[in-house]
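Annotated features, as they stand in Swiss-Prot:
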BINDING   Ile337, Asp338, Ile339, Gly340, Gly341, Gly342, Leu343, Gly344, Ile345, Asp346, Tyr347  substrate binding site
MOD_RES   Lys153  N6-(pyridoxal phosphate)lysine
Amino acid sequence: MPVLACCVDAAAPPGYAFAGDISFPAPIAFTGVPPATADDTNNSNNHWSPSLSAALYNVDGWGGPYFAVNTAGNISVRPHGSDTVSHQEIDLLKIVKKASDPKSLGGLSLQLPLIARFPDVLKNRLESLQSAFDYAIQSGGYESHYQGVYPVKCNQDRFVVEDIVKFGSPFRFGLEAGSKPELLLAMSCLCKGNPDGLLICNGFKDAEYISLALVANKLALNTVIVVEQEEEVDLIVELSKKLCIKPVIGLRAKLRTKHSGHFGGIFRRRGKFGLTTARVLRVVKNLDLAGMLDCLQLLHFHIGSQIPSTALLADGVGEAAQIYCELVRLGANMRVIDIGGGLGIDYDGSKSCDSDISVEYGLEEYAAAVVHAVQCVCDRSVKHPVICSESGRAIVSHHSVLIFEAVGTSSTNGGGAPPALSAHYLAEELSEDYGYLSELAFRGDYETCLVYTEEMKERCVEQFKQGTVCMEQLAAVEGLCELVRKAVGAAESVRRYHVNLSIFTSVPDAWGIEQVFPIIPIHRLDEKPSVRGILSDLTCDSDGKIDKFINGESSLPLHEMEGGRTYYLGMFLGGAYEEALGGVHNLFGGPSVVRVSQSDGPHSFAVTRAVPGPSCGDVLRVMQHQPELMFETLKHRAQEYVSHDNAAALLAAGLARTFDRMPYLLSLSSFVADDVAAAVPAAQDLGEQWSY
């Protein structure tokens, strides 16, 4: 059926008016399917269900066992993972309401974007990791134990680190630091932890760093100074003798096993960290000459983050275990093998080893592969070492959700209702184009229809550049082309959803390394998504967008925005790195944060901590501005240019509120503009002109 005639008929479409005495060819009458109506949309939703949305967004794949779609069509958090019973689930939409509602309605008056942290999820991740290694050790007859450390670089938030130390204390969980401030916070937190928990000191080191690590040892913290560079050995020897503190030393080996993915770069032979075989031998010799070879007790290595397969993992661990055995043979007092990070997260739920955003294994398979690889090598001649891992990404990724609003949409084509055409010659040209398009539609040549409309638009653009076509005419032609695209059944253009967020601040890896995170609506999942969209942030930067999604998609199924109803989206599995890496591009600061725990009662939760995001004044201070002085300058300016005292005071009050609010967009209902509105007529009554 020539569907063009269904949308283009004898009367000009709304928004079109052709000037001149032009007679258009009568459209060919065709019967066909009528356009969709509201009833059709309702029928579509009647056949939709939350379970279909769960399948569409693959929630069970990437979110299990911590996230699910509930019967109300909202995302629920399952705080205890697989052990969560149905009445313990927490509805994310209820958390948003609690956080954002005004205090007069029992809310917390927090502005979005919002990070919701779930310490119960954090606890479950720690326990699950420990259980996986415990099972692998017991079932395989391994003759030592596992005790992990959390690398604080993944998320240095005070309460995250303190929770990990608290939850990990029963199984001697420790911390890893890679800089002096990280070491200070690790030392402080571990004072309340298990005394057997390891404090691993990685990273580049100067005399102050090494002295601080030695002091940690003196404070009865189980501290290991890991040699990353050969030159560090001399400093460790010199300072330990000067301070009369015997150190525990580890060394980081640079392996030959290859991890070819994006996250394997630091592991390659030209990588940033680690000692080659020759340098390892020199370190051993130097420690022996200093009479401190017995201090060498730990071997550390790192294959790379997001290790995709257990085969690659076992290969690297096996190589490192052989180095460990050689160090024992050379006389070192070896006790611990630290396998570093690499325990991956399945960001898209595909369980694939061919992607940087997925892994083919779970916690149990990972632990079994590590234990078996170490055991196979050490069974030859060496006592089984304590196994340590630095699995930060796997521990904290699931524990937080970033929630943000969509504040508007636009077509990526710039389509819209066109204005009237007013030039006689253009109408004649359109008449010829219309006749040709009708002929193509009659023949069913819809592909040529699309090609011709694009050519027509290009001709009009060239005429516009030459000044022979005005902007209204150009817009009208673009609108006609969009109508034709829809009429012939072309795929609807992708919408741009404008979100109240800074990608650079809250999802920096999406911009920096094109990392893909699962992003989905957190509500309305009982409705069928009717459009596809990309996300565009508030920054004045073309890179401030997300147009890559899980499963290789370049757009995301979304719902039509409804007037007066906020549309909330959530980014999941972003609990590692994103907060620490985020900047203040365009002076947008971080999100508000709530800490949410499951409490007694069906679907009950408690917000145990709530922190508003940085205000405009806060982010200005980051760049060395002085908001208090800025406010005084503007206040004096208002007094100078607004002669009415009350009006000047009201304007100053409005400025003060802006300094105190977050930089993100406010809904009109949240914006208290009464004082400013009162100031404007007062000034106008005095005959003053407002300039902008």
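Cβ from N, Cα, C; glycine included.
When the Cα atoms are compared, Ile337 (substrate binding site) and Lys153 (N6-(pyridoxal phosphate)lysine) turn out to be 21 Å apart. DSSP assigns Tyr347 (substrate binding site) to coil, not to a helix or a strand. Mapped onto three states, the DSSP output places Gly341 (substrate binding site) in coil. Mapped onto three states, the DSSP output places the residue listed as 'N6-(pyridoxal phosphate)lysine' in helix. The binding-site residues Ile339, Ile345 differ in how many other CB atoms lie within 10 Å of their CB, and the one with the most is Ile339. Calculated from their C-alpha atoms, the gap between Gly341 (substrate binding site) and Lys153 (N6-(pyridoxal phosphate)lysine) amounts to 12 Å. Sequence-distant contacts of the residue listed as 'N6-(pyridoxal phosphate)lysine', defined by Cβ-Cβ distance under 8 angstroms and a gap of at least six in the same chain, are Gly178, Glu182, Gly392, Tyr577, Ala580.
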